[in-house]
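Participant: Annotated transmembrane segment per TrEMBL: 12-33, 45-69, 147-172, 178-197, 218-239, 245-267, 274-300, 306-325, in sequence order. Feature annotation from TrEMBL assigns region 'Disordered' to 100-129.
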Amino acid sequence: MFSSSVVGCANALVGGWGNMGAGVTYVLMPLIFEGLKSSGLSDHASWRVAMVIPAGICFVMGLSCLLFSDDCPQGDWSKRKQQQIEEIHYAENEKTVEVHDANKATKTKTTKDDDNDSIISEKSPKVHTPSRPTIGMFFKALKNPNVIILMFMYACSFGIELAVDNVIGYFFHDHFALSQTKAGMIGALFGLMNIFSRATGGFLSDYAYQKRGIRGRLFVHFLIIFLNGIFLVAFRFSLNNLKDAVIILVIFSFFTQACCGSVFGIVPFVDPEIVGAISGLVGAGGNVGGLIFTGVFKVYANNTPIAFMVCGIAVMVVAFMTFLIRLNK
């Protein structure tokens, strides 16, 4: 959908603002809980009633998507094969053929002398009708080593984000003996960083692409994911006081989310013909990573700082897989 020069920033901006919802949740849910509690409900009832609000928002958003959004870039899924529309206008000395391909239109002109030629010559713009998705596309993507590597990369970025989102509020509550509301506010910083951090990763990837091509994207990605691992380990050693812990939290949050953006700055270049299947697999890698790293936090439930260090070491190791990616320039 997006030009290769801005695809990283475009994907990252949309995805980052979506993930920012986790930070908003950390801010709003404790406030809603406290409001219900102050109105006379018990703790037991307050958190249950509080869940009605996000459920209602999800219902409204789902209905809005169903009613007002397009099924795919070509419009309605059932009409996607009609993306090429030809409108022929005859004038006195010329005829104009307009070929509409999604959001762009081009015109070719011919004179009366060309009336015997075909309406659309061989030089006319070539329009590619989207091919029907097949299971073969999925297996083709799955057999590509670059896809597997990017799945690991996304597991160590979005997967880390999911796992940390699950534990960060409780961790600050227990480790620093903070109130539930204060711990939630600090935990919200991790998700709210998505307002710019993921987009920054995509922007840096696009900038490097303009300067150094696809190798530039890969180099930027390596730096981001490696620094992500370093600051995850550093968080383990910053827990002697709250101030240091919050500072390192913000830094590793930035690199975790910027890494998500830089991963999807690479994805469209793996195999453009099956980019949908590749995007789905890489995204699934992030979800699997979330399960794995959540498991790490459960294994070290009695020593959560060690869990952060283990995650950081894993991320640094996976970072070096960047040098195994081979893409056409």
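Counting starts with 1 at the first residue shown.
Heads up, the Cβ atoms here are built off N, Cα and C, so glycines get one too.
Describe the structural context of these features.
Facilitator: Long-range contacts of the transmembrane segment (218-239) within its own chain (CB-CB distance under 8 A, at least 6 residues past either end) are made by residues 153, 156-157, 160, 175, 201, 204-205, 207-208, 212, 245, 247-249, 251-252, 255-256, 258-259, 262-263, 265-266, 305-306, 308-309, 311-320, 322-323, 325, 327.
Tertiary proximity for the transmembrane segment (306-325) is limited to same-chain residues at least six positions away from its ends with a CB under 8 Å from its CB atoms, namely 145-146, 149-150, 152-153, 155-156, 160, 163, 218, 221-222, 225-226, 228-236, 266, 293, 296-297, 299-300.
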Participant: Which bits of the chain, at least 6 residues beyond where the transmembrane segment (147-172) starts or stops, bring a Cβ under 8 A of a Cβ in it?
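Facilitator: Answer is 19, 22, 26, 141, 178, 180, 182-184, 186-187, 190-191, 221, 225, 228-229, 232, 245, 249, 253, 256-257, 259-260, 263, 266-267, 270, 278, 281-294, 296-297, 304, 311, 314-315, 318-319, 321-322, 324-325.
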